[in-house]
Amino acid sequence: MAKRVAEKELTDRNWDEEDEVEEMGTFSVASEEVMKNRAVKKAKRRNIGFESDSGGAFKGFKGLVVPSGGGGFSGFGGGSGGKPLEGLTNGNSTDSATPFSSAKTAAEPKAAFGSFAVNGPTTLVDKKISSPKCNSSNQPPSSGPASSTSCTGNTYHKQLAGLNCSVRDWIVKHVNTNPLCDLTPIFKDYERYLATIEKQLENGGSSSSERQTDRATAAMEPPSLFGSTKLQQDSPFSFHGNKAEDTSEKLEFTAEKKSDAAQGATSASFNFGKKIESSVLGSLSSGSLTGFSFSPGNSSLFGKDAAQSKAASSPFSAKASESQAGGSSSECRDGEEEESDEPPKVVVTEVKEEDAFYSKKCKLFYKKDNEFKEKGVGTLHLKPTATQKTQLLVRADTNLGNILLNVLIPPNMPCTRTGKNNVLIVCVPNPPLDEKQPTLPVTMLIRVKTSEDADELHKILLQKKDV
């Protein structure tokens, strides 16, 4: 649909006139019969072809495929059909059928976990492992009632299952975030945590069934964050940047502190930083932060104050970011206020004619080929001369004040009143319009704003012509 053309031409003569008030129409609702005949187009979803599972660049990659028999660690006895890890030893024993290993051999750390699934089950904590065998080099003597031995075995199994689930979740999260991360330090931590659990089993820690339920619940919560403070040059992630602290302090795996010490050894939970972000790991500075970061409100897994570790491990300042954001927004608001929708106004300095006795704004036309063509817009001045004649001068309304017409009014100059607000004269133009015929008289038309101005100008020209 084309735009509506202007009904009235806007010029310098009618720019200050008020427009006629137009009545605004109303929209009418089409009837049902009209709507039935109209074609209504509806958007259709484009069929985007997805790449099949059998093709693609990663068709041969089967490392993260969930096995049909269930997820989790394949060598940790998750189900009845699970097979133990082959070739693993617990230090002193050579039995390959033992489902758990302390991974004392650090030459092949990646074989300690086997293959794992991305979406493995998280209910491994609640499963009870039927075998009461403990993975320790020195088996504790079975001196006591059978119920105490069974309770101790269940506690050990739940703690070990919680440790394995935490290791699995941590590896899956960080490998998905960055497949090139270095996983070597986590195996050393796993050995230390496993040795701590075996030490608790040797001490004969026991608890009631209610404490077992609380412990299983606490194992699913993230009480600590396994963070990093030093970014190595050859790997994206590092877990032991401060070696001096590792040698000076023995990191002991402690339980959640309660009122009595008997309950404290059974509420341990293993978590390798479920909530830590990869961007935080990548941006930590070296030497100023602690080796681990912990969540507030819970005691640290390594015997440190959680509040202090949280304050020391926060690499960013919330107040600083808020102040910077507020400053940038205020600067944007100030910039918007300074900018205005109005275009810059062009200031025109009019050239004054001090000795003129008559001045009037006009538009000058000249006749060529039986039609009038515009010469320009300016100010008409009538000035007396030394020869008792009157000078007619028209200067353009520009900063330069170019001369559009500069002639003397001779006695025989034709001067007539024509139209509504026009005065017609015939003269030899100066400056000349045609360089080839500079002395040829040309009909000039002077248009003023109102008819009264035209009458006044015509009267003055007739008076000065007769002088």
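Glycine too: its Cβ is placed from the backbone N, Cα and C atoms.
Model, not experiment: these values are computed from the prediction.
Copied from Swiss-Prot, the annotated features are:
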- 1-20: region 'Disordered' (REGION)
- 1-14: compositional bias 'Basic and acidic residues' (COMPBIAS)
- LYS8: N6-acetyllysine (MOD_RES)
- 76-303: region '5 X 2 AA repeats of F-G' (REGION)
- LYS83: N6-acetyllysine (MOD_RES)
- 84-103: region 'Disordered' (REGION)
- 89-103: compositional bias 'Polar residues' (COMPBIAS)
- LYS127: N6-acetyllysine (MOD_RES)
- 129-151: region 'Disordered' (REGION)
- 132-151: compositional bias 'Polar residues' (COMPBIAS)
- 144-206: region 'Binding to CDKN1B' (REGION)
- 201-248: region 'Disordered' (REGION)
- 226-236: compositional bias 'Polar residues' (COMPBIAS)
- THR247: phosphothreonine (MOD_RES)
- 313-348: region 'Disordered' (REGION)
- 313-330: compositional bias 'Low complexity' (COMPBIAS)
- 334-467: domain 'RanBD1' (DOMAIN)
- LYS352: SUMO2 cross-link (CROSSLNK)
- LYS449: N6-acetyllysine (MOD_RES)
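Sequence features, as recorded in Swiss-Prot, placed on the structure.
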{"residue": "LYS8", "record": "N6-acetyllysine", "DSSP (3 states)": "coil"}
{"residue": "LYS352", "record": "SUMO2 cross-link", "DSSP (3 states)": "coil"}
{"residue": "LYS449", "record": "N6-acetyllysine", "DSSP (3 states)": "coil"}
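A distance of 34 Å separates the Cα atom of LYS8 (N6-acetyllysine) from that of LYS352 (SUMO2 cross-link). Of all the Cβ atoms in the protein chains shown, 12 others lie within 10 Å of the Cβ of LYS352 (SUMO2 cross-link). Of the listed modified residues, namely LYS8, LYS449, the sparsest CB environment within 10 A is found at LYS8. Counting in whole angstrom, LYS449 (N6-acetyllysine) lies 20 from LYS352 (SUMO2 cross-link) by their C-alpha atoms. For the region '5 X 2 AA repeats of F-G' (76-303), the model gives a mean pLDDT of 53.
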